[in-house]
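Quick one: the structure is below, and I'll ask about it shortly.
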Amino acid sequence: MSNNEFHQRRLSATPRGVGVMCNFFAQSAENATLKDVEGNEYIDFAAGIAVLNTGHRHPDLVAAVEQQLQQFTHTAYQIVPYESYVTLAEKINALAPVSGQAKTAFFTTGAEAVENAVKIARAHTGRPGVIAFSGGFHGRTYMTMALTGKVAPYKIGFGPFPGSVYHVPYPSDLHGISTQDSLDAIERLFKSDIEAKQVAAIIFEPVQGEGGFNVAPKELVAAIRRLCDEHGIVMIADEVQSGFARTGKLFAMDHYADKPDLMTMAKSLAGGMPLSGVVGNANIMDAPAPGGLGGTYAGNPLAVAAAHAVLNIIDKESLCERANQLGQRLKNTLIDAKESVPAIAAVRGLGSMIAVEFNDPQTGEPSAAIAQKIQQRALAQGLLLLTCGAYGNVIRFLYPLTIPDAQFDAAMKILQDALSD
């Protein structure tokens, strides 16, 4: 059956709200290669939206899941616990850059992790308010949509959203927003909208995902830490997209001296299996009463087995170092292209969490059309890319960190051609 035939069936069987970017259907995948039902091959620089830092079907991950399949697939951890969940929590506790002794709870999706981080913060503080940042993305459930600082397509037609959520600008040199602007906005909130003693948490992405890979300045993170300490507010770092070697360190927060109280994780944690988590200061994590946290599939044993494999792969294959090496090669390609492509307004990121932003060279305004044109040129040559950003004018790069050098070089050639056409 052809891609077009599957496409027509999709239109009849599934709602339009589940938007689909590609007009081809996956048949198989290995490492950084995706093959469709017609046999066409693509270099996958989307990785299921940052889920496959260790690549499609890494042999070690497949073996770990297959071994777990032979034992049991589900008990519901809250009913009958299992050792692998506890061991994974111990590993994350030892690795995560959070304040004080750590504890970890596992869930299923990134949005679920963020929801539970807010629950934990509210239980710990007894306060309702949460401050988030414009351009941030935290999920598609109602609380996480409220936290998300981007309207289209996530929020259209779904309001009203949960209250006691406030947004402030995220720093951006390109768009003229300084760290001080962000901090001044928080202080204005304290004066005009909610007193500091009613704020449970400040949540931020150290590198914004959907927002366009904007990197939090170290001065911002330090100032948030000071504000949280001063007012008894829980500091939450959302690492759903940035975690597990993508930025050149295991977590993006490893780039900063200041540590959050809670940290959310998902996506590449389990290499394609549905698993998320919240790790944080043990005293704060213990705030909810027994039964207050959990979920039927939370910490599913197959996904937990995959996560153990992911941590081993990252260590064994030195993927943090690999992320820095590949990211520098990508940055060099984009910076070189900038000399002859006036639409390139900025190249930014950490490690292999790199993005390029496009503006109209005539007006200087953000141009989603240029980003989409380059994305389509690349796709026509077999390179799968994703756009993002508040204006849809950013291309982000989320290749598996396990991609072979020759394939990465081929992708860079396609990218150069797409930028120069």
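Just so it is clear, glycine is given a Cβ too, placed from its N, Cα and C backbone atoms.
Feature list, courtesy of Swiss-Prot:
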{"type": "BINDING", "residues": "Gly110, Ala111, Asp238, Glu239, Val240, Gln241, Thr296", "note": "pyridoxal 5'-phosphate binding site"}
{"type": "MOD_RES", "residues": "Lys267", "note": "N6-(pyridoxal phosphate)lysine"}
In Å, how large is the greatest distance between any two Cα atoms among Gly110, Ala111, Asp238, Glu239, Val240, Gln241, Thr296, the listed binders of pyridoxal 5'-phosphate?
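Largest Cα to Cα distance for the pyridoxal 5'-phosphate-binding set is 24 Å.
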Among all protein chains shown, how many Cβ atoms are found within 10 Å of the Cβ of Asp238 (pyridoxal 5'-phosphate binding site), not counting that one?
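Taking every protein chain into account, the count is 33.
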How far is it from Glu239 (pyridoxal 5'-phosphate binding site) to Lys267 (N6-(pyridoxal phosphate)lysine), counting Cα to Cα, in Å?
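That separation, Cα to Cα, works out to 9 Å.
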How many other Cβ atoms are found within 10 Å of the Cβ atom of Thr296 (pyridoxal 5'-phosphate binding site), counting all protein chains shown?
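If we count other Cβ atoms within 10 Å of Thr296 (pyridoxal 5'-phosphate binding site), we arrive at 11.
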On the three-state reduction of DSSP, what should I expect for Glu239 (pyridoxal 5'-phosphate binding site)?
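Note: Glu239 (pyridoxal 5'-phosphate binding site) is coil by DSSP, not helix or strand.
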Can you count the other CB atoms that lie within 10 A of the CB of Val240 (pyridoxal 5'-phosphate binding site)?
26
Would you kindly give the Cα-Cα distance separating Gln241 (pyridoxal 5'-phosphate binding site) and the residue listed as 'N6-(pyridoxal phosphate)lysine', rounded to the nearest Å?
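Given the Cα positions, the residue listed as 'N6-(pyridoxal phosphate)lysine' is 6 Å from Gln241 (pyridoxal 5'-phosphate binding site).
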Under 8 Å Cβ-Cβ from Gly110 (pyridoxal 5'-phosphate binding site), six or more apart in the same chain: what's there?
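Once residues fewer than 6 apart are set aside, Gly110 (pyridoxal 5'-phosphate binding site) is near His138, Gly139, Val240, Gln241, Thr264, Ala266, Lys267, Ser276.
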Can you see whether DSSP assigns Lys267 (N6-(pyridoxal phosphate)lysine) to helix, strand or coil?
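Lys267 (N6-(pyridoxal phosphate)lysine) sits in a helix per DSSP.
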